[in-house]
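Peer 1: Quick one: structure below, then a few questions.
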Amino acid sequence: MTALAASPAVAPPRPSLARLTGVELRKMTDTRAGRWLLVLVALTGVVAVPIVIATSPGRDQGLQDMFSIAQLGPQLLLPVVGILAVTAEWSQRTALTTFALVPVRWRVAVAKLLAGAVLGLASLPVTLGTAVAGRGAGGLAGRSEGSWHLPLFVVGTAAFLAVANVLTGMAFGMLLMNTPLAITLNFVLPVALTTLTQTVHRLRGPLGWIDLNRATEPLSDVGVTSGEWARLATALAVWLVVPLAAGLVRLNRREIN
């Protein structure tokens, strides 16, 4: 009697990066915390724009002004979405399942970053729609007298900053892997640095190169100089690139238990 030869096991194909990105994007939006944060991102602009219509002079209520106000939600809350996208793997103990299905951790990290970038870009139509609706409502109410002109450069920089905000939150989440600590430092450190540069004159020059709040101010209008671009690149290197690089190293080395 002839023994049947055992057929070699065929390894299943690993999921593509696009599929992993879709999974991570769904994980960011399927949780209750994620959904409420995204709702707050939209509602912040919806609440802020009518306040501006009611209190600001009509000449300061152009479409570009409304668009800047509508960006308040993404600026404040998108980093928190990015933090939770990373730290939830450890706080909810899903890291074991995630990295068992996808053992190459850098692929999971890249998928999370891509999903965060998609989410940041998705916030742009919401804020743009809020700004257009606000300018239209203000005009109908006889309050808004500003221009309807919105430079394409301003829209592009808003998209860039929305993505940078999410990725900065993810960088803090990967580096600290602790939700309360990452959220606290994400809010406290930039504010403390800005306050320090404004109150201590001698530090205004050197610390201005790493003050992300000051570095992003020129992007709200056209005509950004090369020096301002250099300041922005330096600040992003400190707040995004360095924490992200260190966080990726820690993510790859951390023991799953």
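We number each residue from 1, going along the chain as drawn.
Heads up, the Cβ atoms here are built off N, Cα and C, so glycines get one too.
TrEMBL entries are annotated by machine, without manual review.
If you look up TrEMBL, you'll see 36-54, 66-88, 109-128, 148-168, 175-196, 229-249 marked as transmembrane segment.
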Peer 1: If I count Cβ-Cβ pairs under 8 A between the transmembrane segment (109-128) and each of 36-54, 66-88, 148-168, 175-196, 229-249, which range comes out on top?
Peer 2: 148-168
Peer 1: So if I exclude everything within five residues of the ends of the transmembrane segment (229-249), which remaining residues of that chain have a CB under 8 angstroms from its CBs? That is, six or more out.
Peer 2: 86, 106, 109, 164, 167-168, 170-175, 190, 208-212, 214-216, 218-219
